[in-house]
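Participant: Quick one: this structure, given as structure tokens, is what I'll be asking you about.
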Amino acid sequence: MEGGWPARQSALLCLTVSLLLQGRGDAFTINCSGFDQHGVDPAVFQAVFDRKAFRPFTNYSIPTRVNISFTLSAILGVDAQLQLLTSFLWMDLVWDNPFINWNPKECVGINKLTVLAENLWLPDIFIVESMDVDQTPSGLTAYISSEGRIKYDKPMRVTSICNLDIFYFPFDQQNCTFTFSSFLYTVDSMLLGMDKEVWEITDTSRKVIQTQGEWELLGINKATPKMSMGNNLYDQIMFYVAIRRRPSLYIINLLVPSSFLVAIDALSFYLPAESENRAPFKITLLLGYNVFLLMMNDLLPASGTPLISVYFALCLSLMVVSLLETVFITYLLHVATTQPPPMPRWLHSLLLHCTSPGRCCPTAPQKGNKGLGLTLTHLPGPKEPGELAGKKLGPRETEPDGGSGWTKTQLMELWVQFSHAMDTLLFRLYLLFMASSILTVIVLWNT
């Protein structure tokens, strides 16, 4: 009795090796006596069921060919922070079992049966990128044809790793891969093929996909690489799945409000520079824009730096620069109306040059100084820009930086005119920078 258990182990091992290494396998005869109009006696396939632990072959040197296809029925979510794609698909496997064969004419016309998949040998096909445990439900069935062809459909919820690039968010396209491979069988034992053409897989997936949410399917391509691990070579089929984000939600909730606020900020330059409402108005816009960014933060990706974040930072910077320009002009007007300093000669000459008719420099707006009740036509001293340009100034009038011929009122008028010219110049520079920046972002989004 002491040597009984090792002897049984040796016998079992010899039986297994003989089944695997034999040059020809035994062919099982399907007895049609078990077929009738009410079904099939399971005992008819019992010999096949008993060998479900072994790959079915009649010649060990010939690998089993497994044809693969799948249908992508839902894109459940994309996690940019974890770089994961969650999808639902049906995986279809087709292979031949040489031990299953019957004549439908002799078997009451039955040419196809459904059998519990757990009673058959199943290829160990898995998705390489999958980051989750296989949760295939139990009790699935497989179709068996009279020629021994087996078709096995398997529903799968796949959480797969995907290299996500969110730089072009929300106009981004992602390319994820599903790589089907065998975990155990090398190319000597199993080869993978296509059950359907790629265009058929794409068309079927587009028709049956049930999610009309954030992502849409663009197309599917394939490649057939080989994976080498040590001395073993495994066959693979790699599918490239291209998906695109639907940007409507983000355009309506992010881009349109942001563009409106920036446009209103630009239009606020048309408020009179002497008005006390321009600076508070711009401050209110700036605070409102910050509140808008805080409220919409949940719609932005949690990782990376998408181009839309650069766009928001650019808009915020433009509003800050606009406010600083208003502060600068307000300061110039304050100095001009309280204690105007002597104007340097070069600045006075530049002002005369720029305000002369036909010049390309920005002309100072002919706005009244509402705070003083003065206008350029009512202030004594210097003439209008046109008159100043056409008149040869006397020796005393050509020295605004120290000559005694210039009164405080005349200096005030010059500094107010200079402030208006600077306001116009800075406004044009602001518009130029804003237009070029926004066009650059749009071009980057379209590349």
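Cβ from N, Cα, C; glycine included.
Just so it is clear, the model here is predicted, and its values are computed rather than measured.
What Swiss-Prot records for Cys162-Cys176 is disulfide bond, and it gives similarity to another entry as the kind of evidence. Positions annotated as region 'Disordered' by Swiss-Prot: 380-405. Positions annotated as topological domain 'Extracellular' by Swiss-Prot, on the basis of sequence analysis: 28-248. What Swiss-Prot lists as topological domain 'Cytoplasmic' is 270-282, 330-424, and the listing cites sequence analysis. Feature annotation from Swiss-Prot assigns transmembrane segment to 249-269, 283-303, 307-329, 425-445.
On this model, are these features tucked inside or out on the surface, and what's nearby?
Facilitator: Long-range Cβ proximity for Cys162 (disulfide bond), meaning a same-chain Cβ under 8 A and a gap of 6 or more residues, is found for Val78, Gln83, Leu84, Leu85, Glu129, Gln174, Cys176, Thr177.
Same-chain residues lying 6 or more positions outside the transmembrane segment (249-269) and placing a CB less than 8 Å from one of its CB atoms are 169-170, 214, 278, 281-282, 285, 288-289, 292, 296, 299-300, 308, 311-312, 315, 318-319, 322, 423, 427, 430-431, 434.
Tertiary proximity for the transmembrane segment (283-303) is limited to same-chain residues at least six positions away from its ends with a CB under 8 Å from its CB atoms, namely 80-81, 166, 169, 249-250, 253-254, 257-258, 261, 264-265, 268, 309, 312, 315-316, 319-320, 323.
Distant neighbours of the transmembrane segment (307-329): 167-170, 250, 254-255, 258, 261-262, 265-266, 268-269, 273, 278-279, 282-283, 285-286, 289-290, 293, 300, 419, 422-423, 426-427, 430, 433-434, 437-438, 441, 444-445; these residues of the same chain sit at least 6 beyond its ends, with a Cβ under 8 Å from one of its Cβ atoms.
Same-chain neighbours of the transmembrane segment (425-445): 168, 171, 262, 266, 269, 307, 310-311, 314, 318, 321-322, 325, 328-329, 361-362, counting only residues six or more beyond its ends whose CB sits under 8 Å from a CB of the stretch.
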Participant: Please spell out the DSSP helix, strand and coil residue counts for the topological domain 'Cytoplasmic' (270-282).
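Facilitator: Summed over the topological domain 'Cytoplasmic' (270-282), the classes give 6 helix, 0 strand, 7 coil.
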Participant: Kindly state the mean pLDDT of the topological domain 'Extracellular' (28-248) in the predicted structure.
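Facilitator: So the average pLDDT across the topological domain 'Extracellular' (28-248) works out to 87.
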